[in-house]
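What follows is a short report on a single structure.
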Amino acid sequence: MNTIPRYAVFGNPVAHSKSPQIHRQFALQEGVEIEYERICADIGGFAQAVEAFFANGGRGANVTVPFKQEAFALSDEHSERALAAGAVNTLILLENGKIRGDNTDGLGLTDDIAKRLGVEISDKTVLLLGAGGAVRGVIPVLKEYHPARIVIANRTHAKAAEMAVHFDIDAVPLDELEGGFDIIINGTSGGLSGQLPAVSPKIFEHCTLAYDMVYGEAAEPFLAFARQSGAKQTADGLGMLVGQAAASYRLWRGFAPDVLPVVQYMREL
């Protein structure tokens with residue numbers, strides 16, 4: 001019988017996921033052997049795929065696009081973060097056989113900004129671009145840092161307005177945004193196709209940090225635009241990716257990985 005602990009990331013598509021390499025580095029830090037695989041679940045077949053994984057020795061799983069809401073629905077119990085976000089990116093098999101859903105996206109983002117990059121969030125004005133699942137998942141943890149104001153802006157304003165009411169933050173139409181933001185976070189997926197959010201360069205004039213939740217080349221169009229428009233510092237989402245993975249690993253195994261060397265390792269791949 002295979003006694004090596006099994007973990008996985010579920011998504012569709014998922015072949016591009018860097019999670020296996022990241023978790024392998026965490027296991028090396030802990031000094032253990034784990035299995036970590038990518039599982040491409042069929043649209044409409046996510047719940048069955050998760051059930052089969054846990055029935056065959058799975059201990060925990062990460063969940064990425066487009067299954068985070070479905071992961072929330074199938075979880076038997078939820079962390080406060082997951083309840084606040086309405087989405088789950090981490091599934092934990094409990095000793096009683098039930099599945100607990102958590103959301104570590106917000107921890108990954110705020111740890112990266114506040115700890116690794118050393119940028120203050122409390123009493124600052126934060127702009128979130130986009131109103132999808134990625135943004136929804138980070139708002140509850142951002143609020144714990146007590147920023148002076150959180151503003152959300154999205155191509156479809158109604159979606160941003162709905163999220164603003166839900167989280168008690170502000171929504172402003174993209175074309176009405178002006179300056180005055182300390183931290184600007186791009187949570188749109190436009191960078192994957194080279195598109196920029198339809199915003200004025202003026203929004204970056206007093207910006208301490210422009211941050212893109214995606215990483216690598218996909219983040220570069222937005223970050224280059226931010227730099228040219230006056231942002232003092234820019235960062236892609238690699239630290240967030242490693243940070244949310246580290247939080248998941250800690251929930252599964254009770255071991256807190258050191259994020260910094262893994263960010264460096266992934267950057268050099």
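Glycine is no exception: its Cβ is also placed from the backbone N, Cα and C atoms.
Model, not experiment: these values are computed from the prediction.
According to Swiss-Prot, the shikimate binding site annotation covers S17, K18, S19, T64, N89, D105, Y215, on the basis of sequence analysis. Same-chain residues at least 6 positions away in sequence with a Cβ under 8 Å from that of K18 (shikimate binding site) are, in sequence order, L241, M266, L269.
DSSP classifies K68 (active site, proton acceptor) as helix under the three-state reduction. Sequence annotations record features per position, and here Swiss-Prot assigns active site, proton acceptor to K68 based on sequence analysis.
A 10 Å cutoff on Cβ-Cβ distances gives G133 (NADP(+) binding site) a total of 21 other Cβ atoms nearby, all chains included. Swiss-Prot lists E80, G130, A131, G132, G133, A134, N154, R155, T156, H157, A158, K159, M213, G237 with the feature NADP(+) binding site.
Of all the binding-site residues listed (S19, T64, T156), S19 sits in the most crowded Cβ setting, with the most other Cβ atoms within 10 Å. A distance of 19 Å separates the Cα atom of E80 (NADP(+) binding site) from that of T64 (shikimate binding site). The binding-site residues examined here are S17, N89, N154; by Cβ neighbour count within 10 Å, the least packed of them is S17.
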